[in-house]
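Residues annotated as ATP 1 binding site in Swiss-Prot: ARG129, ARG169, GLY175, GLY176, LYS208, ILE210, GLU215, GLY241, VAL242, HIS243, GLN284, GLU298. Sequence annotations record features per position, and here Swiss-Prot assigns Mg(2+) 1 binding site to GLN284, GLU298 based on sequence analysis. Under the heading Mn(2+) 1 binding site, Swiss-Prot lists GLN284, GLU298. The Mg(2+) 2 binding site feature in Swiss-Prot is assigned to GLU298, ASN300; the stated evidence is sequence analysis. Summarising the annotation, Swiss-Prot assigns Mn(2+) 2 binding site to GLU298, ASN300 and lists sequence analysis as the type of evidence. Annotated region 'Oligomerization domain' per Swiss-Prot: 402-546, in sequence order, evidence recorded as sequence analysis. Annotated region 'Carbamoyl phosphate synthetic domain' per Swiss-Prot: 547-929, in sequence order. Sequence annotations record features per position, and here Swiss-Prot assigns domain 'ATP-grasp 2' to 671-861 based on sequence analysis. Under the heading ATP 2 binding site, Swiss-Prot lists ARG707, ARG746, GLU752, GLY777, VAL778, HIS779, SER780, GLN820, GLU832, citing sequence analysis as support. Among the features that Swiss-Prot reports, Mn(2+) 3 binding site is placed at GLN820, GLU832, with the record citing sequence analysis. Here Swiss-Prot flags GLN820, GLU832 as Mg(2+) 3 binding site. Annotation comment: Swiss-Prot describes GLU832, ASN834 as Mg(2+) 4 binding site, evidence class sequence analysis. Under the heading Mn(2+) 4 binding site, Swiss-Prot lists GLU832, ASN834. Residues or ranges marked as domain 'MGS-like' by Swiss-Prot: 930-1072. The region 'Allosteric domain' annotation in Swiss-Prot covers 930-1072 and rests on sequence analysis.
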Amino acid sequence: MPKRLDINTILVIGSGPIVIGQAAEFDYSGTQACQSLKEEGYKVILVNSNPATIMTDTATADKVYIEPLTLEFVSRIIRKERPDAILPTLGGQTGLNMAVELAKSGVLEECGVEILGTKLSAIEQAEDRDLFRTLMQELNEPTPPSEIIHNLDEAYGFVNEIGYPVIVRPAFTLGGTGGGICHNEEELIEIVTSGLKHSPVTQCLLEKSIAGCKEIEYEVMRDSNDNAIVVCNMENIDPVGVHTGDSIVVAPSQTLSDREYQMLRNTSLRIIRALGIEGGCNVQLALDPYSFQYYVIEVNPRVSRSSALASKATGYPIAKLAAKIAVGLTLDEIVNPVTQKTYACFEPALDYVVSKIPRWPFDKFESANRTLGTQMKATGEVMSIGRNLEESLLKAVRSLELGIYHLELDHLKELDKETMKKRIIKADDERLFIVAEAIRQGVTKEEINEWCEMDFFFLQKVENIVNMEREVKANVGNMEVLQTAKEMGFSDHYIAAAWNKTEREIYDMRKGNNMTPVFKMVDTCAAEFESATPYYYSTYADENESIVTDRKSVVVLGSGPIRIGQGVEFDYATVHSVWAIKEAGYEAIIINNNPETVSTDFSISDKLYFEPLTIEDVMHIIDLEKPEGVIVQFGGQTAINLAAKLEEHGVKILGTSLEDLDRAEDRDKFEAALTKLGIPQPVGKTATTVEQAVAIAEEIGYPVLVRPSYVLGGRAMEIVYRQEELLHYMKNAVKVHADHPVLIDRYMVGKEIEVDAISDGENVFIPGIMEHIERAGVHSGDSIGVYPPQSLSEKLKEQIIEHTIALGKGLNIVGLLNIQFVVFKDQVYVIEVNPRASRTVPFLSKITGVPMANVATKVILGQDLVEQGYGTGYHPEEKEVYVKAPVFSFAKLRSVDTTLGPEMKSTGEVMGKDLTLEKALYKGLVASGINIPTHGSVIITVADKDKEEAMEIAKRFHEIGYNLLATAGTAQSLAEQNIPVQVVNKIDSEDYNLLDIIRQGKAQFVINTLTKGKQPARDGFRIRRESVENGVACLTSLDTTRAILRVLESMTFSAHSMKEITQTKRHEVVHA
C-alpha cells in the first residue's frame, strides 16, 4: 500500500527532558522519525522541551517548537499550525500520555487531527491495566493472577486472597515509577500509596509475583497490511523482579529452546495484531524455567528503550521504519537501509552476541537505596558486541566508565558467604560482580541458582571467566593462554596486573606476536547478503571486514553512557563534530558504546565502531585506520581522560594540545596562567594530605569549597563550614594522595556567570554569556540559566568578555572552551575553565544560531574563525529571553537528598523562551514539571542563616494571597515582621504535623534550606523527601524561590487597600 496522500503536515511529539526511565533513546528515535517523514515529502512540525537534543535542531523538522509538553502549550501549537495528524509513539511515555490528554480535551476533534501509528484505543488497551488484562483473557494469553485497585482497601482484599509477595504496577507511568514488590504489609502500604499517586488515572495493577521466571522481550513491527515480524528477541540475565531497564540484557536470547522461542514469538505477534498497532511495539514475557508455562507481563505500544537497543543490536532502524509504516507504507515496500537490497519484511539474523549493562547513578548518590526492583533507577546504559557471551559481557563491563576493566570489584573480596547470599537474593547494581566473586570463593552454581534463579547457562559463562582468570595467573607469559583470554574478552589491563607488567607491555607483546583483533560488520543478515553499512565491532577471529580507504580520516571519541554530569549534550556536540568533519572533506570515524544515542546511528558517520572507550580498544581502531588525529573535545571527561595515554602511543590530539588541556585542568599550572594574565580567582590551594587540607582551610578561612581535581559534574564536591566536616569529607569522599590532589577554595557567595567561547588561537569568539539564578555554590548543571544576562552591568560584561578573550589566547585554546565566573562585590573572578564542549553548547547554539560544535571542529581542522565569518568578540544578544531549567529524577531514587549544592544531581534540562524573563521562567519551570498555582499554601522552614532573607520572600508570598505555614522558630521571626503565619507542628510531634500537611496535598510549595554543618539535616531530609514522594515543589535555594515568585507576581494582581498605597507614596516623598 503506497504512502498516504490525504495528509500533508504531521506534528511529532518529543519526549521532553531526560529523566530516569526516559533517556537519549528518544532523541535517537525522534530524530530518525522526523528525517524519515521528511524523506517521504511530509511537512514535519516538532514540539519538544529539551534543547540538548539533535531532535530539536532546526534542520530536523520543517518547524521546531521548544515549548513545554503540557496540554496548554501543545494545544496552542495545534490550533496555530493545524496539522493533519500527530505522531506520538516516538516520544516515549510523555508522547503517549500527551496524545491521550489531547484526545480527551477535544482539541484533536476540534482541529480535525488524526493520531498516526498506534490508535488511541490501542494506547489505552496497552497502558490501562484493566483493559489490557481483559484483552489478554480474550486472546487466551496467560497473565499472572491480578487485581485492578484504586485504593488501599482493595489492595488488602487481593493480598488476603493471594498472599505475598505481590507486584504493584501503576497505570500510565514511566520506568515503573511508583511501583515495586511488596513482601509485607508495611511495604504494601508504602508502595500502593506511592503507585496510586504517580498514576495519572489513580489506578494500579496488583499481581501475584512471578519473580524468578526468565524475562524475555520481543521487539515486533507490524504494518497496515497485517505483515508482522520480530526484529529482535532479548533475554534478561536477571530473572523477573528487576525492571528491564535495570537488567543486564543479552540479544539474541541465549537459553530458549526452539519450541520456547517459537511459542513466545507467536504470542508476541498475536498481541501486536490484536492491538492493531502500526509500527513498533515491545512485548515483555515471563517464562517458567521448568515448564512451558509463560505469562504476558506488559506491552509498550510505542518505540521504547528496548527498541533503541534492538536497532543498534541488529542494525535494523526501528524508529525510521515505524514512521514510514505510520504513513501507510508496508514492510514489503520498504528497502532495508542496511543491506539496501533486501526488504524490511526480512527478520534480522545475528551471528554475534550483544550485551547491555545499565549505568546507575550510585557513584553520585552514595546514600541512595541500591536495591533493584520494578522501579527503574539507571540513567543510561552501555552495549557491546562479541562473538561469545564472555567477550560481549567483559567488553560491556569496561564500557561503564567506572574505572573497571574486568568482572571484579576489589571491595567485594572482603565479603563473607552470608553477605554475598543476601545481596544476590536481593538484587543490587553489583549482583553480577558478586556472583563472580562467589564463584571465585568456591560457591557452586547450584547454590547461586537457588538464591536468585539466574539461569545455569549464564552462571556457567561467569564460571568460564573465573576459570580463565586462574589459567592466566598460572601461565605468566604464555602466548596460547593470552590468545584464549583475549578471545574471551579479557583486557590488557587485567592481564598486565596478573602478570605484573604494564598495560603497554602487554599491548606491545601482542603486537609483536600478531595477536590483534579484527573488525566484523553488523549487517542484519548474519553475512547472508552483502551489507552497505560501515558499522563494526572488534573480536579475535580470522577475517577483518573493515576496509581502510585511502581518504584522510579523523576519529571522534564519543561520551559513553548517559550519566549525571555527562548527558545527551555531549552526544549532541559529537554528532555536530562528525557532520563538520564530513563537510571539511575528511572521512569521519566515531567510537562510542551507548545504544541510546544519535551518534551511534550508523548513518551519521562514515564509519562507526561500537567499542569500549578504553585506551586498548581505541588503539586497536587507530592502528587499523591510521587517522590524521583524534578529537577529544566533544566526548566530555571520558574522552579528555584518554588524551594523555593516546599521546603516549604517538597519536595526534587535534585541537587544544595535551599540554594546554593539562594547564587548564591542573590547579597549580592554571593558577600560574591566571596570575600571568592578571585575572583574579578565589583564593585556593592544593592539598595532597589530610593535614595539608586542614592547614589550608584554616589559612583561607571557612566556608571553603573542596573537590578533587579532574572531575565532571562536580563529583565529590562540597561546601564545608568547619573542621570536622572537612575531616569527614577527606575520609569518606576522596582518597587523597600525590596523584589525586584535593582543591580547596575560598567559597564566595556571589552571582555565577557561564560563558562558552570558540578560539582558534588568535581569535576568540563568544556566542553567549549566561547568568545563573542560583548563587555560586549550586552546580552550574543544576542552576537555572538565563540568556542574555538580566542583571549584569555593561562594565561587568566587558570585564567578562576581556577575561574570556585573554584566557582563550593565553591558554592556547583551539576549539571550544567553557568558563565559569563568579561576581563578588562588583569584581569578576574565574572559578574554572573547561577546555572542551560543555553542557550548554546545544542550548546556546540553538538560541544564537551559531553552530558551535561545527565551527569549533572546523577550527580544529585548520579553518580559522575569520574564514568562517566570525571574528574576535561577543555575538550580538538576542531580543528574547531564554531560560534553561534543570530536571531531576528524585522520584525514582528513594533516600537521595534533594538539596542543591556543588555536586550535580539533575538528569536533564528544558528550555523556556519568551519576550520577558517572567514568561520565559514560567515556561521553563512548567516544562521542568513544577506546577505553579496562583494561590494556596507555602511551608517555610529555613536555617537560621537564611531567616533574614526568607522574610522578604515570605512577605511577597503573603502579598499575592498565599497562606504561610511555618514551624515555631520561623513563625516567630515572621510574626515579629508583622507577616501573618499559621504555626504548624514539627515532624517529631505525635499530633498533626508538617509531614501530614505535605502528604494530604495541602501545601503547594515547601521552602526548606539546609542548616549549616549538615547534621540537623535529618528533619530537613525527611521534609524534602516527603515533598518529592508527594509531588510537591520543594525549593532548597532561596534564589530559585525568588524566580518562582517573579513568575507568580507577574501572573497575579496584588491587592492593596487605598490607605496602604498612600502611605507608601508619602514614604517615598520623605526619602526624596
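Yeah, the Cβs are placed from backbone N, Cα and C, and that goes for glycine too.
Checking Cα-Cα distances from SER780 (ATP 2 binding site) against the binding-site residues (LYS208, VAL242, GLN284, ASN300, GLN820) with a 10 Å cut-off leaves GLN820, in sequence order. Between the C-alpha atoms of ASN300 (Mg(2+) 2 binding site) and GLN284 (ATP 1 binding site), the distance comes to 8 Å.
GLN284 (ATP 1 binding site) sits 41 Å from VAL778 (ATP 2 binding site), counting Cα to Cα. The average pLDDT the prediction assigns to the domain 'ATP-grasp 2' (671-861) is 90. Secondary structure of the region 'Allosteric domain' (930-1072), assigned with DSSP and counted as helix (H, G, I), strand (E, B) and coil, comes to 72 helix, 20 strand, 51 coil. Separating the Cα atoms of GLN820 (Mn(2+) 3 binding site) and LYS208 (ATP 1 binding site) is a whole-number distance of 53 Å. Rounded to a whole value, the Cα-Cα separation of GLU215 (ATP 1 binding site) and ASN834 (Mg(2+) 4 binding site) is 44 Å.
With respect to their backbone Cα atoms, VAL778 (ATP 2 binding site) and LYS208 (ATP 1 binding site) stand 45 Å from each other. Summary for the binding-site residues ARG129, LYS208, ARG707: the Cβ-based neighbour count within 10 Å is maximal at ARG129.
Between the C-alpha atoms of GLU752 (ATP 2 binding site) and GLU298 (Mg(2+) 1 binding site), the distance comes to 47 Å.
For the recorded site, ASN834 (Mg(2+) 4 binding site), the DSSP three-state label reads strand. Mapped onto DSSP classes, the region 'Oligomerization domain' (402-546) shows 76 helix, 11 strand, 58 coil.
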